[in-house]
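*Asks:* To start, I am sharing the structure in question, which I have written as structure tokens.
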Number of protein chains: 2
Amino acid sequence: MSKNKPKILVTNDDGITAKGIRNLIKEMCKLGDVYVVAPDKPQSGKGHAITIDAILELKPVKVADGALAEVACSGTPADCVKLAINEVLEDKPDLCVSGINHGSNSSISVIYSGTMSAAIEAGIEGIPSIGFSLCDYSKDADFKEARPFVYKIAKQVLENGLPDGVVLNVNIPKMSEEPYKGIKVCRQARANWREKFDKRTNPIGKEYYWLTGEFENLDAGEDTDEYWLAKNYISLVPIQFDLTAHHMIQKLNTWKLNE
Amino acid sequence: MSKNKPKILVTNDDGITAKGIRNLIKEMCKLGDVYVVAPDKPQSGKGHAITIDAILELKPVKVADGALAEVACSGTPADCVKLAINEVLEDKPDLCVSGINHGSNSSISVIYSGTMSAAIEAGIEGIPSIGFSLCDYSKDADFKEARPFVYKIAKQVLENGLPDGVVLNVNIPKMSEEPYKGIKVCRQARANWREKFDKRTNPIGKEYYWLTGEFENLDAGEDTDEYWLAKNYISLVPIQFDLTAHHMIQKLNTWKLNE
């Protein structure tokens, strides 16, 4: 292992054998020494869950050539990063990359995303970190055209670093006949998921629900991730885990809170 | 049911029978018509997890007098809010309150918190929303002194509303002999949890881990939640779910992303 090569931690939320992480590992191997610590099963929609009421297990595996180590973890994406840093790697990595997710994590989806929670967890630990997502939920999604952009963005982060408290959320349009037009730095669109619960009855007469929903962009801005993704650009949103709405502090101080 | 009374949705992450939510319900009954949709079991540390790979069940229950309806939900705190809005309530509530959590959700804990994810979920749906937490992890924590402050803050939100995209994170010191000094509007401290994995071996020789950790405040600022909580003030942090690090956008545009 070269001393000059950056050490790169790779994780995801679709599980260690997913096509997305396999593509990500291949690109990262061109940039440094790669260590993979990823869930042993799909963990989509797990948000920033951590496991405090159950045990966690690690299992060394070898899914493919390339990485210096691959470890499957029984926990959530955030657990994977915590275990990687504390129990698997000897030193902090120079970069953490999460993904490539099978499905979008643009706009409000960042809140629910296991992919992004892994990237944010690494950011909290002071590690430059990026989450990558392809807007294609298919298990057999095609990452071919995405890969050079993933490489380029990771290389820029290794070269430039990221300030404390900032993590990148990169979303890549589903591959089509038209090549990607480029990368746009933008902000998270104001959007939500309009839920629609699919109500059913089980064989013994008890009702239950499946959560489904439709994405709804509430933001007409021309500087958002949704805007540029729709135009076949790759969106790059810098995100932070200081959730303080600083603009609201002055206003709240006019409330009658201490009378 | 009076037409003039505000409709208040109450939820939490410790489960529908927890002492914290029971105290919260009592205060909210003084302010409006209360509907409870809360997890049927503890859901701490679930972050903003949603259930997309399993069914969800709702069960009407009656734990105590006061609320117009109480429903136990098999899902996460975020699921509870989604189901409450779409399947339990006829109209959107005027206020959503989550908690009172048994344990702190100040500074970085907001990221991992089921209590706050429920409040944030309601915020995403456009409902004025507050998460309340007592910095006392005990099941038998004493909420007596916290209650008038919870009432006062909820009343102020009903009177003043909250702007789109802003949710309140309220943390209350553990009760001591000294009365609370008041409420301070502040920002989220930069902090993290320094993990310490407790590594054990099971009876058949397989290693496993328990996640434990120590809270570490990295922020010397005198305007943070941690600072004021330590001085026996109640902290009120306005938070947002637009995670965009707006200050970073200009800087990223100087990177060589499209060359």
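In case you wondered, yes, glycine gets a Cβ from its N, Cα and C as well.
Automatic, uncurated: that is what TrEMBL annotation is.
If you look up TrEMBL, you'll see B:8-194 marked as domain 'Survival protein SurE-like phosphatase/nucleotidase'. Taken from TrEMBL, the feature divalent metal cation binding site covers B:Asp13, B:Asp14, B:Ser44, B:Asn101.
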*Asks:* Given a 10 Å Cβ-Cβ cut-off, pick out the one of the binding-site residues B:Asp13, B:Asp14 that has the most other Cβ atoms nearby.
*Replies:* B:Asp13
*Asks:* Given the binding-site residues B:Ser44, B:Asn101, and counting only Cβ atoms in the protein chains shown, which has the most within 10 Å of its Cβ?
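*Replies:* Counting every other Cβ within 10 Å of each candidate, the maximum falls on B:Asn101.
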*Asks:* Which binding-site residues (B:Asp13, B:Asp14, B:Ser44, B:Asn101) come close to chain A, taking a Cβ gap under 8 Å as close?
*Replies:* B:Ser44
*Asks:* According to DSSP, does B:Asn101 (divalent metal cation binding site) sit in a helix, a strand, or coil?
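*Replies:* It is in a strand.
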*Asks:* Secondary structure at B:Asp14 (divalent metal cation binding site) (DSSP, helix/strand/coil)?
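*Replies:* Going by the DSSP assignment, B:Asp14 (divalent metal cation binding site) belongs to neither helix nor strand, so it counts as coil.
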*Asks:* Can you list, in sequence order, the residues of the same chain other than B:Asp13, B:Asp14, B:Ser44, B:Asn101 whose CB lies within 8 Å of the CB centroid of the divalent metal cation site?
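*Replies:* What remains near the Cβ centre is B:Asn12, B:Gly15, B:Ala18, B:Gly20, B:Pro42, B:Gln43, B:Pro77, B:Gly99, B:His102, B:Gly103, B:Ser113, B:Gly114, B:Thr115.
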